[in-house]
Every structure is written in C-alpha cells, then in structure tokens.
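What Swiss-Prot lists as disulfide bond is C81-C92, C139-C147, C149-C168, C221-C235, C223-C230, C294-C325, C310-C320, C324-C364, C340-C355, C342-C352, C347-C348, and the listing cites similarity to another entry. Residues annotated as N-linked glycosylation site in Swiss-Prot, with sequence analysis given as evidence: N143, N189, N311. The O-palmitoleoyl serine annotation in Swiss-Prot covers S227 and rests on similarity to another entry. Residues or ranges marked as signal peptide in Swiss-Prot: 1-29.
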Amino acid sequence: MDRAALLGLARLCALWAALLVLFPYGAQGNWMWLGIASFGVPEKLGCANLPLNSRQKELCKRKPYLLPSIREGARLGIQECGSQFRHERWNCMITAAATTAPMGASPLFGYELSSGTKETAFIYAVMAAGLVHSVTRSCSAGNMTECSCDTTLQNGGSASEGWHWGGCSDDVQYGMWFSRKFLDFPIGNTTGKENKVLLAMNLHNNEAGRQAVAKLMSVDCRCHGVSGSCAVKTCWKTMSSFEKIGHLLKDKYENSIQISDKTKRKMRRREKDQRKIPIHKDDLLYVNKSPNYCVEDKKLGIPGTQGRECNRTSEGADGCNLLCCGRGYNTHVVRHVERCECKFIWCCYVRCRRCESMTDVHTCK
C-alpha cells in the first residue's frame with residue numbers, strides 16, 4: 001500500500017474517531033470490519049489507523065501481537081452468522097456498502113447493527129464469542145507470552161477413577177477477559193436514555209456470547225497403559241467447535257427476551273406479567289421488534305427476499321412458502337457441466353468425461 005493511500009486511510013480513521021465521541025454505541029461494531037479485511041492489511045496499517053474506538057486503539061497498541069487474533073475472531077463471527085442464517089429471511093449478509101466503501105466507512109451489517117432487534121442481539125453475541133474463541137486458541141497455540149494453557153488445571157484429578165489433568169487446557173478465562181476489555185464500552189460514557197438502553201443491551205449480549213463459549217467447554221482425555229488398557233488417562237479442557245457455539249447462540253436467538261426501553265437500575269422484561277422471571281446472563285435480549293424482512297426497504301438497507309433461492313419441498317425456513325413470504329416462486333432450469341469418470345492413464349495424465357446434468361432452481365418472486 002503506497003504512502004498516499006495510507007494517508008487517506010489515516011484521515012478517514014480520524015473522522016471515525018470524531019464519530020465515536022458523538023455516537024459511541026452505534027460505532028461499537030467498527031472493529032468487525034477487520035473480519036473482511038485482506039490478510040495482513042490491519043497489521044500493515046497499525047493500530048492507530050484502524051476503525052477502532054480510543055480504548056480499543058490503546059489496547060491494540062499495548063498488545064499489537066493480538067491483532068491477528070482480533071481479525072480472526074471477527075472473521076469467525078461473520079462467517080458463523082452467515083452460516084446460521086443462510087436460509088432465513090434475514091440472512092446476516094454483509095451490506096454492499098461495507099464491502100465497497102473505504103475501511104470501516106460503512107457499518108458491516110448496516111441497519112441491524114444499531115436497531116436493537118433480535119438480529120442485533122445475535123450479531124453482538126456471535127462476534128464477542130468469536131473474539132473469545134480466537135484469542136483463546138492463540139494462547140493454547142503458544143502465540144503469546146502473557147497467556148498459554150490454563151495453569152489452574154495442571155494438578156489434580158481423580159486417582160480412584162484413574163485420570164489426572166494434563167496436556168494443554170484452553171485458557172478460556174483469558175479469552176473472556178480480553179473480549180470484555182476490548183468490546184465493552186462503559187455505560188456511564190453515553191448520553192440519552194435510548195443510547196443507554198441499547199448499550200446495556202449490547203453489553204449483555206456480548207457477555208451472553210462469551211458465556212456460550214464457556215458453557216460448551218468439554219473434557220478430552222488420552223489413554224495410557226500397556227496395550228491400550230487405559231489404566232491412566234490424561235485429561236484437558238478444550239473449547240467446542242465454533243459451529244457448535246453458533247448453534248447454541250441461534251437457539252438463544254429463537255428464545256430471546258424483549259426488554260423494556262425505559263432506563264432503570266437493571267434491565268426488565270417488557271411484559272409486566274413476566275417481570276418476576278429472572279433474566280440470565282446467557283440470555284439474548286432485544287428492545288425493538290424486527291422489521292419485515294420480506295420486502296425491500298431501501299431506507300433501512302433491507303434487501304427483501306425477492307430473487308433468493310428456495311427449497312420447493314422444504315417445510316422449514318428455507319422452503320419457498322416461508323422464504324418467499326407467500327408471494328410464490330419462479331422455476332428455471334440450470335445446466336451443470338462437470339468432469340466425471342476420471343481415469344489415470346499411464347503415463348502420466350488423467351482422462352475424464354464431460355458430464356451434463358439439469359437442475360431445477362426455484363427463486364422467490
């Protein structure tokens with residue numbers, strides 16, 4: 001990247017710094033841009049020129065070796081969000097503006113990032129979880145000096161049951177600590193009742209994402225003994241795959257809780273007759289009901305479902321009836337040509353046939 005380009009990016013980030021002061025809760029998601037940045041670009045620009053708030057930049061400067069993990073955490077969250085919602089009316093697509101505008105100049109998820117809906121809740125939770133997962137993995141891989149394996153589990157076990165702690169347990173507590181330091185913006189720094197409610201909601205959902213990673217920690221063991229007798233086992237704690245964490249958060253999304261939009265000492269359920277039911281730290285919370293994702297809304301940046309591919313025989317969310325919102329669907333035939341019946345010919349090449357197939361593709365009207 002040449003000097004002129006770097007200077008232009010620096011000026012753009014200075015503008016973002018001013019916006020962060022004016023709109024703190026709305027700018028919380030700028031770091032997510034790192035998840036779609038080209039490999040090596042964030043490291044080349046340096047912490048000062050990235051679309052981060054002042055606290056994040058300071059933490060980045062003190063721990064620059066964590067930048068690859070931050071980028072990987074954002075990538076994990078973005079990818080899993082798209083995977084979990086790929087068949088839904090809202091499919092967690094990155095906005096076109098975010099991919100074409102200069103670095104961080106447009107919110108990655110557009111309207112949903114600051115709408116206070118169930119979709120906002122999932123985005124914040126899965127991105128926070130991605131950061132925990134990525135940083136913890138880096139610790140276990142030995143990529144950082146200040147964290148490694150979970151040292152609290154190096155001793156102990158159960159002699160009577162024939163196992164002891166060993167190996168390298170994932171230090172998820174360090175990942176959670178860093179995620180809180182990097183993502184959680186103090187509520188006291190905001191003005192306006194609406195801002196405070198939305199920020200409190202986002203902070204809660206950040207923590208819900210972190211709790212999902214911790215909740216799905218599992219124990220792996222390796223056997224030791226003559227001829228595989230497993231007389232003694234060495235065990236360690238490890239994080240689940242991020243796909244499994246995504247499934248848990250999707251379930252939390254389906255059962256998310258609407259909270260009151262009025263500022264109180266603590267968040268309350270919106271429905272008065274349910275306020276005695278406690279809100280748990282691993283619940284996903286939202287303030288506003290989701291918009292109609294069936295039809296295009298250019299003002300909100302909602303593309304609608306017209307033209308989306310659907311499954312004619314499915315009764316689920318990907319089925320044409322649900323995805324197309326009752327508008328019906330178009331069917332067209334797609335011709336596929338691929339190599340098939342490949343054989344190795346001595347010596348030395350592979351000979352294949354060209355096989356054609358026709359497939360019906362259904363798209364929403």
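Placement of Cβ uses the backbone N, Cα and C atoms for every residue, glycine included.
Relative to C364 (disulfide bond), the disulfide-bonded residues with Cα atoms inside 10 Å are C325, the candidates having been C81, C168, C325, C342.
The closest partner of C320 (disulfide bond) among the disulfide-bonded residues, by CA position, is C92; the full candidate set was C92, C149, C221, C347, C348. Each residue contributes its Cα atom, and for C223 (disulfide bond) and C235 (disulfide bond) those atoms are 9 Å apart. The C-beta environment of C139 (disulfide bond), restricted to residues of the same chain at least 6 apart in sequence and closer than 8 Å, consists of C147, S148, C149, D170, D171, Y174, G175.
Counting only the Cα atoms, the space from N143 (N-linked glycosylation site) to C324 (disulfide bond) is about 47 angstrom. Secondary structure at C92 (disulfide bond), taken from DSSP and collapsed to helix, strand or coil, is coil.
Within the same chain, residues at least 6 positions away in sequence whose Cβ sits under 8 Å from that of C324 (disulfide bond) are T305, R308, C310, C364, K365.
Nearest in space to C230 (disulfide bond), taking C-alpha to C-alpha distance over the disulfide-bonded residues C294, C340, C347, is C340. Taking Cα separation as the measure, C348 (disulfide bond) is nearest to C342 of the recorded positions C294, N311, C340, C342. According to its DSSP assignment, C81 (disulfide bond) is helical. Every protein chain considered, the tally of other Cβ atoms within 10 Å of the Cβ of C347 (disulfide bond) stands at 5.
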